[in-house]
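The domain 'HPt' feature in TrEMBL is assigned to B:3-110. Per TrEMBL, the feature phosphohistidine maps to B:His51. Residues annotated as domain 'Histidine kinase' in TrEMBL: B:366-571. The domain 'CheW-like' annotation in TrEMBL covers B:573-709.
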Amino acid sequence: MTDIEINVMEEEDTQKGRYLIFSIDSESYGIEIQYVTEIIGIQTITEVPELPDYIKGITNLRGKIIPVMDVRLRFRKEAKEYNDRTCIIVIDIMGMSVGLIVDGVTEVVTITDISQLPQMNQRNQNRYVKNIGKIGNEVRLLLDCEKLLTDEDIDNLNEVM
Amino acid sequence: MTDFNTNDTMVEMFLFETAQLLEQLEQVILSSDMNNYYSEENINEVFRIMHTIKGSSAMMMYNEISVLSHAIEDLFFYLREENPEQNFCSSLNDLILDCVDFIKVELEKIRNHDDVDGDATNLVNKIKDFLSELKKNSGSNVSNEHYEVEKVNLFKAVIFFEEGCEMENIRAYSVIHNLKKVASKVIYYPQNILDDDGSVEVIRREGFKIHLKTDKTKDEVYNHLMDTVFLRELEFAEIDEETFSEGFDKEVFDYSSSEISLQDANYEEENNNQEGNILHKPDENVKDSQEEEKLHTDMRKINLEEEKKQPNAENHNVMPTQNIISVSVAKLDKLMDLVGELVIAEAMVLQNPDLEGLELDNFQKSARQLSKITDEIQDMVMSVRMIPLSATFQRMNRIVRDMCRKLNKEIQLEIKGEETEVDKNIIERITDPLMHLVRNAVDHGIETADERQLKGKPKHGTITLEAKNVSSDVHIIVRDDGRGLDKNKILRKARQNGLITMDEADMSDSEIYKLVLLPGFSTNENVTEFSGRGVGMDVVAKNIESIGGSISIQSEENKGTQMTLKIPLTLAIIDGMNLKVGKSTFTIPTITIKESFRTNKESIIVDPDGNEMIMVRGECYPIIRLNEFFKVETDVTDISDGIITMVSQDGNAICVFADRLLGQQQVVVKSLPEYIKRFKHIKGIAGCTLLGDGSISLILDIASLIHIK
């Protein structure tokens with residue numbers, strides 16, 4: 001019993017401050033590793049009508065059907081053809097499993113030096129980026145997974161316009 | 001039943017079995033109630049069920065349940081043995097159902113790990129009173145005596161069979177067997193008449209010696225014994241208590257002091273299993289009775305299965321083996337996922353690019369075999385989770401019966417389509433709402449007999465419970481032929497409670513009826529025991545919505561009300577036809593398909609708005625091009641290149657245009673992921689399903705497609 005508890009604690013400990021780093025174009029982004037369940041290669045994706053373009057559709061993850069979101073399109077970047085470096089990061093958040101399509105996954109790192117995002121004037125910018133993590137001189141943009149999934153209001157507004 | 005602690009498998013098993021037995025018991029009682037008569041079969045059935053419950057609850061140390069079931073067992077033992085005139089049926093039914101309820105409450109407590117603190121003394125006393133009342137009334141006190149009075153007449157008999165009649169031991173056994181009817185206690189020598197072949201010799205030489213205790217007179221017993229076949233000589237005399245109890249110092253068995261030995265004997269007979277040691281002294285060996293308990297439990301299980309197949313069949317002659325197990329749903333889910341993985345892995349191997357261009361006859365042969373097996377596994381796993389609605393529906397019988405008695409109404413419950421299969425999870429979650437609807441129908445819907453006669457309706461009210469598969473839904477319909485909903489009353493009430501948000505004049509009938517589903521609404525001024533607390537329908541609506549279903553209400557004054565629950569069949573299996581459009585696959589529930597055909601441009605009619613229609617056998621149907629409707633890219637745009645499928649639901653039909661048909665298969669309907677559903681309800685898509693190759697197909701919602709057109 002106590003062994004298990006210790007294990008759980010250790011596991012939590014090992015996950016704390018650790019981020020999965022993925023790349024889109026030249027930028028590196030990090031998401032908290034505790035949300036990540038697995039990383040798979042690009043799958044056959046079934047399109048579902050009437051959804052925003054960044055939701056590419058649904059895919060079959062071992063019998064479980066999960067939606068997949070193209071993070072490039074979510075960030076309003078140009079669409080890019082998928083290649084064998086393209087990955088789907090499966091995250092489990094708020095009781096839902098969602099796949100995130102990214103250009104590539106680079107590493108898992110521990111980031112302790114985290115600072116707030118500088119205040120920007122432009123609206124709507126960086127709304128998915130929670131913090132900035134620094135590893136030496138390099139900067140990683142740490143994403144807010146929940147916002148990534150839930151922040152639709154502005155999109156809907158844009159759709160109407 | 002799936003969510004309690006799996007550690008305590010014994011308790012779990014006990015709960016599961018007892019709950020099933022109780023359900024069966026209810027069925028028996030209700031069927032007896034309907035006939036107002038307990039057939040011999042039913043009495044035996046109740047007896048056996050109570051006997052099993054008594055044993056298992058005693059073993060689990062639930063004393064109140066055990067004492068109570070023992071009392072019922074006694075009562076039915078009396079009924080079985082004495083077969084008194086049955087003018088007590090309905091009061092007995094009430095009593096037994098009360099007991100069933102008591103045990104159910106106790107089971108619920110056990111399940112929730114609460115203290116099992118119910119007190120059955122009251123019920124036990126009631127049963128005992130009932131039994132003594134019966135005994136008094138039956139006027140057969142004389143024949144009862146041997147149950148109450150131990151010592152009456154004692155006799156000794158020595159039987160010699162005719163020489164050369166053979167099988168003396170079997171004959172001796174049948175003598176003992178027959179004596180059972182007249183004697184309360186029999187001892188005999190030689191004892192091992194069936195097991196020991198040597199006994200034949202002993203009987204030939206010394207005769208078959210019997211001591212018996214009975215309430216019959218000497219002549220009666222003598223005549224009885226004289227009836228024995230191949231009887232050569234009979235020595236018969238009265239003896240005293242001392243000689244009797246000395247006996248032959250051999251095995252004693254006693255018919256009256258305990259039912260267990262009798263039960264055992266009968267049970268063995270039914271199995272045509274003439275074992276020599278069947279008649280053992282009761283309470284002599286605890287282990288024996290436990291084994292017997294187990295045997296009974298097993299028997300019950302088989303009976304359960306048998307009854308499902310042939311409800312009226314006699315099912316006593318089944319050998320006891322265990323062939324039902326209970327499995328947690330979580331394990332099934334896991335299994336299902338694994339099978340999905342297996343199918344994908346199979347496809348990856350069989351369609352591996354490395355194999356391209358190779359001539360592999362043997363490989364292909366084995367591959368086909370493998371595919372066949374995986375297909376079967378998939379079908380099997382899918383069907384395991386599905387259970388028919390019949391058990392849920394049958395429960396309603398009880399509710400209707402109870403309420404009819406309390407409310408003094410006469411109502412018949414008709415059940416249709418109970419074989420419709422629904423996922424277990426869904427069944428669990430619709431039971432309560434369904435119960436509520438049935439209660440409402442009995443309480444508010446159906447009028448009293450007098451009122452009905454005044455209106456010129458048959459005295460019997462009818463409530464129909466119906467289930468059917470309608471494309472992607474299961475519809476469960478509760479229909480009554482009662483007074484119907486009173487629109488004005490609903491409006492008045494809604495106005496009082498401030499529930500009306502739009503202009504009353506603009507409201508359609510169904511919108512008015514929908515008001516009933518709002519929180520804080522109850523039309524019945526008199527709150528009864530069963531319904532009308534104003535918390536009813538909105539809870540029903542919420543429960544149904546929580547599983548993605550909906551309720552619709554139709555009603556006609558004085559004709560009746562119909563409530564339709566549309567339950568999505570998440571995980572329910574449907575037959576589907578797969579269509580290809582571009583790279584996408586769509587599935588249409590086969591039940592909605594009327595026909596598929598090819599056509600040419602000439603038969604298409606286009607209206608000024610660009611809507612296409614087609615004339616088939618003099619009827620005009622709108623066409624939906626799936627590629628346009630769902631914005632799927634495809635090369636097939638010419639109407640003559642693709643295929644048209646005519647689908648219909650609720651009497652409306654449309655034609656669906658797709659590239660080609662892929663074929664028909666059974667599919668498991670899955671709902672779209674939660675995340676996607678949060679965006680919006682996607683029109684025309686009911687859910688999705690996994691195809692054999694692991695790809696996903698979208699299931700069309702025919703009803704909404706028709707609605708859109």
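Placement of Cβ uses the backbone N, Cα and C atoms for every residue, glycine included.
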The residue listed as 'phosphohistidine' CB neighbourhood, other CB atoms within 10 A: 23
Composition by DSSP (helix, strand, coil) of residues within the domain 'CheW-like' (B:573-709): 23 helix, 70 strand, 44 coil
Secondary structure content of the domain 'HPt' (B:3-110), with strand meaning DSSP E or B: 89 helix, 0 strand, 19 coil
Mean of pLDDT values spanning the domain 'Histidine kinase' (B:366-571): 79
